[in-house]
Amino acid sequence: MASHLTSATLSSKQEPSETTPYDSSSLSEETANTTNIEKKSSLPSQDANTFKRSKSQIPRNDLESGQLPALNATASRATTISKKRAYTFMILIVLTQAVQMFAYGAGIIGAFTVGHAVGASDVQSTWIAAAYPLTQGSFVLISGRLGTVFGHKRILTLGAAVWIFWTLATAYGTNIVGISIMRALAGIGGGLLVPNAVALLTITFPPGRQRNLALALFASMGPVGGAGGCVFNGFFLQWTDWTWLFFFLAVLGAVVYGAAIIAVPDDERLDPEGKIDWTGSYLGVAGLVLFNFVWNQAPIVGWKNPYEYILLIVAIGHFAVFLLWESRWAVSPIIPFDIWKIPSFGALILVLFFVFMSLGIYIWYVTVFLANLRNWDPVLLGCSFLPMAVSGTGAAFFAAWVVRKLPAETVVCIGALGAIVMNTLIATMPVHQIYWAMVFPAMVLAGCTGDMVFAAGQIIASSIVTRKHQGTAGSLIGTLFTYGLSTGLGFAGTVEIYINKDGLNLLGGYRGAAYLGIGFAGAAIVLTLLFVRMKKNTVEGWQGEDADNGESSR
């Protein structure tokens, strides 16, 4: 453990208050019924600088031993965590986002190299890039609820195991179908990881500057992991066999996820008596997977194939039944419908989805433009993404600061405007041109757009819902991010194929796809100006019922 709290900490500035018995199997019944500890109204600000995390009490000997008690989202035990331990926990949790985004970068940079190695065409190879975010974005939808019922750390651990196993298995793939399926299965692990990591952060840090910092760090790992992954992956793909890339990712995941799991204290379940809506889970996930599959498969087989229309109808049918089920019959809906009653929340969700689709289109088409038209090798291609990592990191922290100064719609509009400019640069740049003229500024804007919008979305969503819905809010924003990145590829791929029907207008196809990205970002701005109205995020600490449960920040 990072630091030890002394008995002086316990005696400092205590006020009498209601006490709760500490239940322990190691104590006699009489002792368990009589051992109490007073709640602390304030804490020292130096060596014992602590974050208060829940309501009830912990025994004196636990504090004196320096052990970090279990995370408790149900507000039944009062827990404290030293400042040093809190930031260690924060850093390890946000690194899980960086690692799983490494896998996304592997698909972007490695799609053609891996695809060609197993005899796939360029169009078929897009599945290596699309499969991972497809399932990650789809399963994020339900994993927040799974964490609420079973415990966020448990689902985080399960997601890590799934991710490591299937990433390692990908190295043994021998054809495009098998590799794509294993990439999709690894994406399920990523989908289980992300919202539960976010929930652990938002439960630990109440609304305010510390939470904004934590979420900004988490958001910054998107471009850092994706772009950093592109760089490292480029070296592996150029100088080793492609299989070593996935061996490396599996080992990296084992190290980082293992450290994070050890650092995160055991958490008690938010809703231990809650039920999982398995019917709603199936309808929602199946609808997302089928809808995305249809659009990403369309550029390969074309819309003349009947099964494309059949699957599209089935996907839309799943969505319709999902909405009916969740709103009328579900006892424990995976997305509580009262969350949609929050003013402008539904419109904000749609706006974020459009921005993330625009970002996904940019990332893929700047990659294929440089690879196929300028013939850049994997290392050079990966290095071209470095400005995106740097600007994205800065934008995430800027968003954490500016979201307290400006209304949400202003922050989102700034990000969407960046998406318009970056796609415009790609849509209009010539084949032969230096990197610094148009690609470099586009990369800078891409990092700013993705992280500013993602960080602002996470901060806003987590601040307007209760503690009990933190996992759900994290799930929704996570779904929008990764699912939008993947779905945008399908829409853009359809545009590309129809412009480049005979394979004679590759440049025109790429530009057509980029113009679609401009359209999505423009639609996001229009929707924001018309329908999104949210106040500046100036909340400090838990509010309302959550504050009554003792969940205020010190």
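A Cβ is built for glycine as well, from the same backbone N, Cα and C atoms used for every other residue.
Feature annotation from TrEMBL assigns compositional bias 'Polar residues' to 1-59.
Annotation comment: TrEMBL describes 89-536 as domain 'Major facilitator superfamily (MFS) profile'.
Summarising the annotation, TrEMBL assigns region 'Disordered' to 1-63.
Long-range neighbours of the transmembrane segment (86-112) within the same chain, counting only residues 6 or more positions beyond its ends whose Cβ lies under 8 Å from a Cβ of the stretch, are 2, 51, 122, 125-126, 128-133, 136, 156, 160, 163, 167, 183, 186-187, 189-190, 193-194, 197, 200-201, 204-205, 214, 217-218, 220-222, 224-230, 232-234, 237, 242, 245-246, 249, 252-253, 256-257, 259-260, 263-264, 363-364, 367-368, 371, 378, 381-382, 385, 482, 485. Taken from TrEMBL, the feature transmembrane segment covers 86-112 (among others).
Per TrEMBL, the feature transmembrane segment maps to 124-143 (among others). Beyond the ends of the transmembrane segment (124-143), by six or more residues, the same chain brings 100, 103-104, 107-108, 110-112, 114-116, 155, 159, 176, 179-181, 183-188, 190-196, 281, 284-285, 288-289, 292-293, 296, 299-300, 334-335, 360, 364, 471, 475-476, 478-487, 489-490, 493 to within a C-beta distance below 8 angstroms of the stretch.
For 155-174 (among others), the entry in TrEMBL reads transmembrane segment.
For 213-236 (among others), the entry in TrEMBL reads transmembrane segment.
Summarising the annotation, TrEMBL assigns transmembrane segment to 242-264 (among others).
TrEMBL lists 276-295 (among others) with the feature transmembrane segment. Long-range contacts of the transmembrane segment (276-295) within the same chain: residues 130, 134-135, 137-139, 141-142, 145-146, 149, 308, 311-312, 314-316, 318-319, 321-322, 325-326, 330-335, 479, 483, 486-487, 490-491, 493-494, each at least 6 residues beyond the stretch ends and with a Cβ under 8 Å from a Cβ of the stretch.
The annotation transmembrane segment is assigned in TrEMBL to 307-325 (among others).
Summarising the annotation, TrEMBL assigns transmembrane segment to 345-367 (among others).
According to TrEMBL, the transmembrane segment annotation covers 379-403 (among others).
Below 8 angstroms of C-beta separation, residues 348, 351-352, 354-355, 358-359, 361-362, 365-366, 369, 399, 402-403, 438-439, 441-443, 445-446, 448-450, 452-453, 456-457, 510-511, 514-515, 517-518, 520-522, 524-525, 528-529, 532 of the same chain, each at least six residues beyond the ends of the transmembrane segment (410-428), sit close to that stretch. Annotated transmembrane segment per TrEMBL: 410-428 (among others), in sequence order.
Under 8 Å from some Cβ of the transmembrane segment (434-461) lie the Cβ atoms of residues 198, 211-212, 215-216, 218-220, 222-223, 227, 345, 348, 352, 355-356, 358-359, 362-363, 366, 370, 384-396, 398-400, 403, 408, 411-412, 414-416, 418-419, 421-422, 425-426, 428, 473-474, 476-477, 480-481, 534, 537, all in the same chain and six or more residues away from its ends. Sequence annotations record features per position, and here TrEMBL assigns transmembrane segment to 434-461 (among others).
Outside the transmembrane segment (513-532) by six or more residues, the chain places 344, 347-348, 350-352, 354-355, 357-359, 361-362, 365, 408-409, 412-413, 416-417, 419-420, 423-424, 426-427, 488, 491-493, 495-496 with a CB less than 8 A from a CB of the stretch. Here TrEMBL flags 513-532 (among others) as transmembrane segment.
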- Residue numbers, six or more beyond the limits of the transmembrane segment (213-236), whose CB comes under 8 Å of its CB atoms: 90-91, 93-95, 97-106, 108-110, 197-198, 201-202, 204-205, 242, 244-245, 248, 363, 377-383, 385-386, 388-389, 391-393, 395-397, 399-400, 446-447, 450-451, 454-455, 458-459, 462, 481
- Could you check if the transmembrane segment (242-264) is in contact with the transmembrane segment (345-367), meaning 3+ Cβ pairs under 8 Å among residue pairs at least 6 apart in sequence? no
- the transmembrane segment (155-174): which same-chain residues, six or more beyond its ends, come within Cβ distance under 8 Å? 96, 100, 103, 118, 143, 146-147, 182-183, 185-186, 188-193, 196-197, 200, 243-247, 249-250, 253-254, 257-258, 260-261, 264
